[in-house]
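Features reported for this protein in Swiss-Prot:
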type: MOD_RES; residues: 44; note: phosphoserine
type: MOD_RES; residues: 54; note: phosphotyrosine
type: MOD_RES; residues: 65; note: phosphoserine
type: MOD_RES; residues: 83; note: phosphoserine
type: MOD_RES; residues: 100; note: phosphoserine
type: MOD_RES; residues: 101; note: phosphoserine
type: MOD_RES; residues: 112; note: phosphoserine
type: REGION; residues: 27-48; note: region 'Disordered'
type: REGION; residues: 64-118; note: region 'Disordered'
type: MOTIF; residues: 114-118; note: motif 'TOS motif'
């Protein structure tokens, strides 16, 4: 049962930096610049600590990809969001619905909360 295991660990190394940006004390970065570099590279960290780096050139190439120009296959139809707003009911019909909604009625003490047949 006792067998020799040949498990070896690789020493961890830091990600090499190619460019350092020195900021003076008191210099505030705008919120949009927190995860970017002066060269346009975007970087992020997952909750597990994995570092993700997106090169600007790669992102610009993805923008022109045919995949970005087609919607997902099983996308639901939501008027005004995933389909043009031409499917909406006329404005007059929507206003009539809003006028007759029970929420707009004034709450009086003599009206019961609901009706019940006994």
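Even glycines carry a Cβ here, placed using N, Cα and C.
Keep in mind the model is a prediction, meaning the values are calculated, not measured.
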Cβ atoms near residue 83 (phosphoserine) (within 10 Å, other residues, all chains): 13
For residue 65 (phosphoserine), the three-state class that DSSP assigns: coil
C-beta crowding around residue 54 (phosphotyrosine), within 10 angstroms: 15
Whole-number Å value for how far residue 44 (phosphoserine) lies from residue 65 (phosphoserine) (Cα to Cα): 23
Neighbourhood of residue 44 (phosphoserine) by C-beta distance under 8 A, where only residues 6 or more apart in the same chain count: 35, 51, 52, 54
